[in-house]
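What Swiss-Prot says about this one:
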| type | residues | note |
| --- | --- | --- |
| BINDING | Phe82 | ribonucleoside 5'-triphosphate binding site |
| BINDING | Asp84, Ile85, Asp128 | Mn(2+) 2 binding site |
| BINDING | Asp84, Asp128 | Mn(2+) 1 binding site |
| DOMAIN | 79-184 | domain 'Guanylate cyclase' |
| REGION | 290-409 | region 'AGS-C domain' |
Amino acid sequence: MVNHIRIFDNLFQSNISKFQNLTSKSYIIRNDNEKNSYLPMVQEIRELFGKEGEIFSKSIGTHPDFFGIENTNEYQYICSLFVDISGSTKLALKYSLDKVKLYKNAIISSAIEIFRAFDGHIHRIQGDAVLVYFGHKELEKSDAIINAINAASLMQYFNATTLKKFFESENLEPLKIRIGIDFGDDSSVLWSKYGIDGINEITSTSIHTDLASKFQNKAPSNKIMIGENINKYLDIPKKFRSIKIEKNNGVDVEKRYILNTNNLGRYSMEVFEWEKYLNSFSMLPPFSTENEQFYSPRDLKIRCWIIDEKNQDKYEYIERGSALKKEMNLLFKLEIYNQCLEFKNIKWRVVNYGEEAKKDKELEFEMNQYEGYQYCNQKTAYTGLHFMECYLYDINDKIICHDSFGLFINDNNREVRKLGIED
């Protein structure tokens, strides 16, 4: 991931520079010429994950889908993300209030830009916490959830790299960022106006929005806690999920549930292992290359295209930028960038996860018909996050290196938990 630290370093530094300019007499002139100078970093993130067009939301408060609500109610799904940034108050022990405000604002603003890069809508800033909505009426539910976990993962990466480096340079302890995410389906999220004339807001009423905040509070430091519906909708591989462990009188105790009552039943929570998740991307460098002579995307990379047979065309699918529908024809290609990477043979392997693939006993299989080729064809079939793996062998049939490409598949017809009483 080293190459991508630059994006976050530039994003953070640009926000510091931007807010420093607010106190400069030359700000108005510079702002007219450079008011979008920080946007290229956001655009880099969007392009990296295949996001096209303008960002979804450029405002705070009312979700753009519900500007017209007056005295009515509307039901529509949403994926809620709540992030809390703790530790920035220590800045007040070392700096003047002006400088504390500068750094805290740069941190919050950088977080906002990361969420907006994934089409998140900033609903509310609460001190050092931010409530973000992912999803809108034109977006598939699976893509809203994918956007949320991708944004949350990069937010934690931003903290583990750029922000950690900044705080250590100031001889301060790094920040502790906790993120909670949950999903409420259409019948479980009510949008309406709260308050009185002139003092009101349009917001969501949903236990799943409330639970996002609870999950944040339950998350370990610098981790992401996801609700049961997140996994139910995407069917995330177990290797990217774990049960929170707490010590009780020296004994490890599993904390599986956020709700465990007779009237509401059980609702589970899990830690989303964002480090393992990001480290499994073909398009992102690994966190450590110490034992790797060749690795993606520096030396090689798998790319994927959707084959549109009807129109005799193809479109590139950016890794895990969105979910693919079932029964889509795909073309995978291995691109070699390092001329020193000499190999004798290539083998392709499909690794599926999830209940649907498990039921059909199609979890893993070799693509023998494509042995020796730098490409292979496959079709989407099962809901979940699956991987196409490619292995390169030397003349002695020993593995030189390998790469894997992850893709989400979802028919957006998933059953999720509906808590409480429906109208």
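Cβ coordinates are placed from backbone N, Cα and C, and glycine is handled just like the others.
Each residue in Val83, Ser86, Ser88, Gly127, Ala129, Val130, Leu175, Ile177, Arg178 lies on the same chain as Asp84, Ile85, Asp128 and has a C-beta within 8 Å of the C-beta centroid of that Mn(2+) 2 site, without being one of the site residues. DSSP assigns Asp128 (Mn(2+) 2 binding site) to coil in the three-state reduction, outside any helix or strand. Remark: secondary structure over the region 'AGS-C domain' (290-409) totals 8 helix, 60 strand, 52 coil, with classes taken from DSSP. The Cβ of Asp84 (Mn(2+) 2 binding site) has Asp128, Ala129, Ile177, Arg178, Ile179, Gln216, Asn217 as same-chain neighbours under 8 Å, each 6 or more residues away in sequence. Less than 8 angstroms from the CB of Phe82 (ribonucleoside 5'-triphosphate binding site) sit Ala129, Val130, Leu131, Val132, Ile179, Gly180, Ile181, Ala212, Ser213, Phe215, Gln216, each of them six or more residues away in the same chain. Asp84 (Mn(2+) 2 binding site) falls within a strand when secondary structure is assigned with DSSP. Counting every protein chain shown, the Cβ of Ile85 (Mn(2+) 2 binding site) has 22 other Cβ atoms within 10 Å.
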